[in-house]
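In Swiss-Prot this protein carries:
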type	residues	note
BINDING	7-20, GLY101, ASN162, 187-188	ATP binding site
Amino acid sequence: MKATGIVVEYNPFHNGHQLHLNKARELTKADVVIAVMSGSFVQRGEPAILPKWERTKMALAAGVDMVVELPVSFATQHATIFAEESVRILDALHVDALFFGSEHGVSEDFLTAAKTVVEHEASFNQAIQLALIDKKTSYARAYTETFKQSFGTELLDVTKPNNILGFHYALAIQKQNPTISLQTMARIHAGYHDIEANHDQIASATAIRKLLLAGNLEEASRYLPASSIEILKNYDGPFLSWENYWALLKYRLIQAETDELEGIRNVSEGIQNRMQIAATKAQYFSDFIESMKTKRYSNARIQRTALQILLNARNIPSAPYIRILGMNKTGQKYLSHHKKNISLPIVTTVSKAAPGLLEEDLRATNIYTLVKGLENYQAGDFHIPPILKSQT
């Protein structure tokens, strides 16, 4: 069976995702499509708008054959780690191809850039460090500037969010397993960060979340496949944003000793001091973010750091594993065929996992489900089994 991997958040699953999924299967001639999906919290350091099990249902209903959770310690990191660990999981699952959407749309250019960086990695990394020192900027901006100086923007514009992720997928493949085929398609219409829905059928997940958070499911439905609409109508919990967790974060920042926060992942350069001061003054999370923004700290950096503090994520290495969230019969058949040759631990029953392996994800779920209306999902990692979809 030919397998194609995709890296997703489905926050929530919309028409653009359906197009991407269909093209992934068509263009790579895949027999099975495996999605590595963020769990309770997503890459920009935000809570997912829906629990991971509802988003897994959406993925399976739309045609994904297997959904695997990207551990929270990797899912909420910058593009390098996010991509490296996603590729590590897909490689362990023996995928033949990785398919992604990008603003650029030309697979060969991602591979060319990645190969060049791998060949000159030491000098490239040195240039990034110099940019960090000289310009007192964020790591993401330093990386982007170094890339632009090395390649210009004609080869690949890494200021675009999906281009930079795609580049890091290509980089990870070059380092881990160059036999994996990398293929992309150009994103159409809605940009990743567009906050307004302005097309008949395609809108960004950001714009759709804005509609859902405003209670406008009917308007959001224009941009969702029928299967997602049905799942949303049957969902009786709240739609979530950072504001749901602001009181928890504010308490954590106010009560903690400054040196206690130094061992938290992503906490460096005294950012915790600024956060603690900002937390005492901000009424809402949006106020907190605005008061924290500087040239050095992007929104994403602030949110990721805030999330690590909320989750009490210590700055220690995490081990990768394969946590199955859901499968259809094709996915089950594929897993059964390859199970003996998969190098990472496979988790289908959390209670049987090695001690400590899922500790951070279990804590993330427990914190995520503290919000009123999510009582049915509390301790869900233990009582909600992998979702098995029958194929008709």
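One-based numbering along the chain as shown.
Yeah, the Cβs are placed from backbone N, Cα and C, and that goes for glycine too.
Because the structure is a prediction, the values reported are computed rather than measured.
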For PHE13 (ATP binding site), nearby residues of its own chain (Cβ under 8 Å, 6 or more apart in sequence): ARG55, MET58, ALA59, ALA62, LEU224, PRO225, SER227, SER228
For GLY16 (ATP binding site), the number of other Cβ atoms found within 10 Å of its own Cβ: 22
